[in-house]
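Taken from TrEMBL, the feature domain 'Ion transport' covers C:24-239. Summarising the annotation, TrEMBL assigns transmembrane segment to C:21-43, C:49-74, C:86-106, C:151-172, C:210-230.
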């Protein structure tokens, strides 16, 4: 199949698809290069490694930048709709992966460029397609999207709660115990209600500790709310994925597994797999 | 529609409703003002900001106080039942938003007034209505209310557990390791069982660490209980919240809310509330 | 009703039941006394309070001890089966509530007695009956019991995991970073996997931090397991509590809500509430 | 039953099975020995215990090593397929339980051997079979396996998120606040998103704290995702794990596992696998 079409079509197939051997090989190689270049950026940020092998890291960085630049050029060349690719999520991430290194030729390389370079870790999301996890990713995303409004309400409540408790703790504990301003106290309240609990700020007065204990127990209990929302959503999505029974007259309608008649038009239902040749 | 009625009725519509353009514009402006005034209170509490721009913050505070006072007056004027509004949740919060600043004219402004002023953050809950999240908020609230008795039993158990473990740790660890009294030890037990774990107090004897490990594993496992309660409640509410449609011939069968015909016998369905007139 | 019977029977009714006014009043008074006496023990353990008001606390302690001793005597006297009450959970707790204070007459009062005295907080579980939370408490307990075997398997896995990781961290981090022995390292692993995270011991080598990060992500993900177990159990318990349809010939059998015939004997089913008079 | 067969078969039965009294006694004794030997390794790693009783621990260690060596020999002798046992999970663990101690005769005993020796704690998983928890363990494992792909997608997302946030925090906070390199910052991000929160590294700039608060709330909310996945999976496994029974006249209807008659039409049910011979 991949032998047909113009060279540009064949190239597009290798670069953008995942279903033939050359396309898979290309993507595996790409994921490997991305992982290596991310590791290079990561280790280059460790002071002792940078001192010992900064030059080698720089050489690797240029090697990967040139490689990714060629790849980016090929993608632009092969894309069916070039502007759409260039402005897509992956198009922007691909550009940000190579841009900072080229920029460092003209501007002395700062840490800002290092971090933008690190965003190439996002390219690794292509791995999901390669590993055929798209169905699972879509399921997880769909259930989050379906519950997002309820979770937003929950987060809204958490933010107002932490604001109120933060302001109260600022009053109760005061500057001498580390609650130096309302924003810092709200930060502490978020650290507490999410059960992170760094301990860099912690209450010391009895009343402050009592209020903190109430906040902890609240945080510990209300975690049940988003979990319940997502669980109920996922259970509901799962149970509506059962083998379908179809009505010839109402094609887009789903029916319960024991349905014998269409609930909209009253015609008898047919099984989905062999339901396309009744007469 | 909003052109009809007396001026007071039209004003009430703009202030208290959310469904026409002027009403939405009023609420958007209000939410924006509330957010700004909350930010002003917040930043004013940061010592360095207060030193640098305390006067500007004070000017802003008075600007917003006068704005909210006019708004409060209009609400009182326009409300259908004035006493009911004044004593409602939002009525009290609206009053607390302006009262402390006026009071500071007579009493030298203390931090207490600052914190009461900060409670105006609660006014932002009006955003929920504006964003039409009322349905979601009601769903979340209803499921919490429905599971509240079970969660109270759970919290009761957690409080007795932390009391017992706190008292034991006071005995085992003693004052030299930071467990200076039973209330402090109970505070530590709550910090531990909720998995917050500040580390301001932490056990140091082998026996104390063993008991702490047991408490952590308990806390880590029993978090499943409120989550399970709320999940089961939400799953149940999802599946039962649709009004039922009944078939005269198949009485015990449930139908999907958009069903028009019985999926078993193919007869037309009837609505549940008026479906009791068979003969 | 409570006017009938011998004095002992009437006393038993007031002390052990919860359904008449005198019985409720007795229990409310008891819960209040227990709460006060627990607070007295609690505050007496705070050094500054003990120094300031130790004598008053001692007087209160004797007041409550004598009160509870009289109550214990009345319970023994009124109980239907005295031995059974004395050896029951509440019987033992009631005895432990008064025993340490009397013992302190002969043995100079140590902290051990203080803590045993504090166990009277367990008496407060009687509140559950008073508040008619028995149904909820039974639901929570039944779902925990039903999932206990699966949760035990999960805890078994967590304990073996923390043992292995603890031993590895002892090897990797060593004494200089606070991992001074395998038991201490296992304590750290439990603190980490349960996401408590005191920070009293924390890894400092790159390899140790990598292993710790793996352990954290494991702990963060596997919390889903007990939660899922309990959620599934509670969902299942809820859905089997729906109004039942009964078969006259097979009394103990539950049927699905849309069942028309008994699945065991094939006879037609009847509705549960009015199902006792067909012919 | 266990009296029949050759001595090797009877030995195999005692060693590898769990259903007769001698087999249970053998396994109980084994679990007890494993527990003791694990405790010996554990306590031997505590410096003060090692100094006080190192010789006794060494004697115990040799006693258990010889015991387990004999047991290992018997297992090899009695196993039906010796190579398969030797290469199985338990075969390797059994070998690793005795190998390091014998090796220490030739190589001066290092801590590495101590930790490998500690892996004998894995042998304790045999307890699951003894306690007949195999069904529960399989249920937990099956539900984890069934949800593993979705959880992998979730972990993939968490890892990319922590990488991005870690790199940003490295830029924002910098070396002076403990974020000395990108790997360390990623370690911090994992500590934060999993809500462990040691506090060994914690943000101090306002922007860093704001980003940290966002990360905490994200971590606190997305814990709902794996929990929801596993809950939905377990609910689904519970409701679908019973073999189905079918009615000839009502094909699409599911029946409870103990049903003998169709609950809709009252006809006798047939088993699902051989239920396809209607005519």
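Please read every residue number as a count from 1 along the shown chain.
The backbone N, Cα and C atoms fix where each Cβ goes, and this holds for glycine too.
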Top Cβ-contact partner of the transmembrane segment (C:210-230) among C:21-43, C:49-74, C:86-106, C:151-172 (pairs under 8 Å): C:151-172
Average pLDDT across the domain 'Ion transport' (C:24-239), rounded to a whole number: 87
Stretch-level contact, the transmembrane segment (C:86-106) and the transmembrane segment (C:151-172), CB cutoff 8 A, at least 3 pairs: no
Cβ-based contact of the transmembrane segment (C:49-74) with the transmembrane segment (C:151-172), 3 or more pairs under 8 Å: no
Distant-in-sequence neighbours of the transmembrane segment (C:151-172), which means Cβ under 8 A and at least six residues beyond its ends: 144, 179, 181-182, 184-190, 193, 203, 205, 207-208, 211-212, 215, 218, 222, 225-226, 229-230
